[in-house]
Amino acid sequence: DRDSCIDKSRCSKYGYYQECQDCCKKAGHNRGTCMFFKCKCA
């Protein structure tokens with residue numbers, strides 16, 4: 001699911017989103033980005 005990382009991966013205020021990236025890559029996406037403190041996979 002495209003948004004399966006939203007709840008699992010925290011996004012901090014100032015650009016550190018390694019957990020989001022890792023979650024998205026494991027899920028087979030190219031990258032993860034944070035929007036409004038939520039992880040989105042792309």
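One is the number of the first residue shown, and numbering goes on along the chain from there.
Each residue, glycine too, has its Cβ placed from N, Cα and C.
Look at Swiss-Prot and you will find Cys5-Cys23 (among others) tagged as disulfide bond, backed by similarity to another entry. A helical conformation is recorded for Cys23 (disulfide bond) in the three-state DSSP classification.
DSSP assigns Cys11 (disulfide bond) to coil in the three-state reduction, outside any helix or strand. Swiss-Prot lists Cys11-Cys34 (among others) with the feature disulfide bond, giving similarity to another entry as the kind of evidence.
Taken from Swiss-Prot, the feature disulfide bond covers Cys20-Cys39 (among others), and the record attributes it to similarity to another entry. In this view, Cys20 (disulfide bond) is surrounded by 24 other Cβ atoms within 10 Å of its Cβ, with every protein chain counted.
What Swiss-Prot records for Cys24-Cys41 (among others) is disulfide bond, and it gives similarity to another entry as the kind of evidence.
DSSP assigns Cys39 (disulfide bond) to a strand in the three-state reduction. Here the CA atom of Cys41 (disulfide bond) lies 9 Å from the CA atom of Cys34 (disulfide bond). In the shown protein chains, 21 other C-beta atoms lie within 10 A of the C-beta of Cys23 (disulfide bond). For Cys41 (disulfide bond), the number of other Cβ atoms no farther than 10 Å from its own Cβ, over all displayed protein chains, is 22. Proximity note: of the listed disulfide-bonded residues (Cys5, Cys20, Cys23, Cys24, Cys39, Cys41), Cys20, Cys39 have a CA within 10 Å of the CA of Cys11 (disulfide bond), given in sequence order.
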